[in-house]
Amino acid sequence: MKLTCMMIVAVLFLTAWTFVTADDSGNGMEILFPKAGHEMENLEVSNRVKPCRKEGQLCDPIFQNCCRGWNCVLFCV
């Protein structure tokens, strides 16, 4: 019984801790992972827009690198 109560308290504590420490800002990952040194030195390169894939081209489902309006399912469709 004591072990069960301790487990419940631990789970509640960890859940509360997760919500308290969560970063709710829109650019949280940008703050956690600052730009690489070479991007900071050459701002023109870092601000360049990366090319997108057009309809029918191979794409990366993880990064969703298709142009706007297209969905990535191995190919931009």
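Any Cβ shown, glycine's included, is placed from N, Cα and C.
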If you consult Swiss-Prot, the disulfide counterpart of C67 among C5, C52 turns out to be C52
Specify the nearest of the disulfide-bonded residues C59, C66, C72, C76 to C52 (disulfide bond), where nearness means the distance between Cα atoms.
C66
